[in-house]
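Quick notes on the structure that follows.
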């Protein structure tokens, strides 16, 4: 016991001695720390705040220089911290083009986001195909609006497996089942467009919103069939722009009441609730032996068949999806299609109306494939015969690609080129527009020339430049749907309506709102037309 006490006394004495030595002969580090504390004590709060701000500003510039490396971009951040935030609130197409022309790789920095833009075809393809290094990136608030459990946020094998379960929904055979109901929607909106023009005394009026509505109606009918009502379609079509506004590249990362993100979240929840109810009706329809007439039906049929299948892959890829899962997936289909298809519709009607020779060729082809029999209903074989109509659609997609850029986030340091490695956490954006306007592949790329897509032509053989729908593991699921739907839509409108576009100084100017639109919002008039004689009725 006494030995333990002696040890304690000795230990305490030793520590006391060390403490005294530290006081008598302080180390350099301790001296420096005390010096800094004394300095801070003598400073006012204002001076401390100003010093911290200066340190932050210097670090912001230093971090930018380190990440920028040798690629094109502003030498310094002209606006500290925020970068070109104010300019991004009103994006201009001309500024995008200037950025793409500045170099194969260029950069900007907005707040905490360092953004690298790739403007060449090969760099764009490399990024789109490098799922090991990158994954699709949406704005921070998208996770809250689309929901964290949504399949679009899956990565790697989980994403691949989920996607395989969806592939069967957008094959030509599946899409053929949706055509009869789509034709009914087209007929209804042709009558509506003619009526709107008549009520306006055939004076030019903006059709931007009507184009968004018809494309939303076509998409929702493809996805949900007759399970969704006309009122529900109209409500979603009217409010969907709130989702687009909420998911703009620059926005609040949190949801605050009565802001864009708040309204966007409300709209998304409303739409997904409708889709949940539709999913249950589709399950009931298939369980009762009904045939698929929409995407939900086809999905439920795959699940139903998988239950009785001996194929392991079928059971894995077509497990029993809940109504909530189906509703979230269908909302992402709408999210992926609505703005892009609305953009294509606006440009397609403007471009064709402004080129009477193109419109005449479309009408001639439409009569030929129907053998002048106007009772012929839309079907897959009919649409596949519309060679020129499809060339017009493809050239519109090249000439005015709805999607200019696709944002990705870097998962780990990514050697994008021999001279530059994109840092982890950076936003990496492959640009699609330059590849589609490459003069080495597309002669006179800024001219609209449908004939460039004749089979065997230089353009049709340049598969690597055709990036309208992306490439790699996240290539667009709905590209076949787009071509089929728009060939049917343009063919019917060309035959049964006489549509005219009023050209303004802003018609060929590009407005960027998620996708691209004519700046004057598309001034059109529609009149009823006899498809055989060409007679126009008022």
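Using N, Cα and C of the backbone, Cβ positions are placed for all residues, glycine too.
In Swiss-Prot, the feature transmembrane segment is placed on 46-66, out of the ranges 46-66, 67-87, 88-108.
Per Swiss-Prot, the residue from the list 198, 307, 324, 458 bearing the note ubiquitin cross-link is 198. According to Swiss-Prot, of the candidate residues 164, 235, the site noted as ubiquitin cross-link is 164.
Rounded to a whole number, the C-alpha distance linking residue 198 (ubiquitin cross-link) with residue 476 (heme binding site) is 38 angstrom. Residue 476 (heme binding site) sits 13 Å from residue 164 (ubiquitin cross-link), taking the Cα positions as reference.
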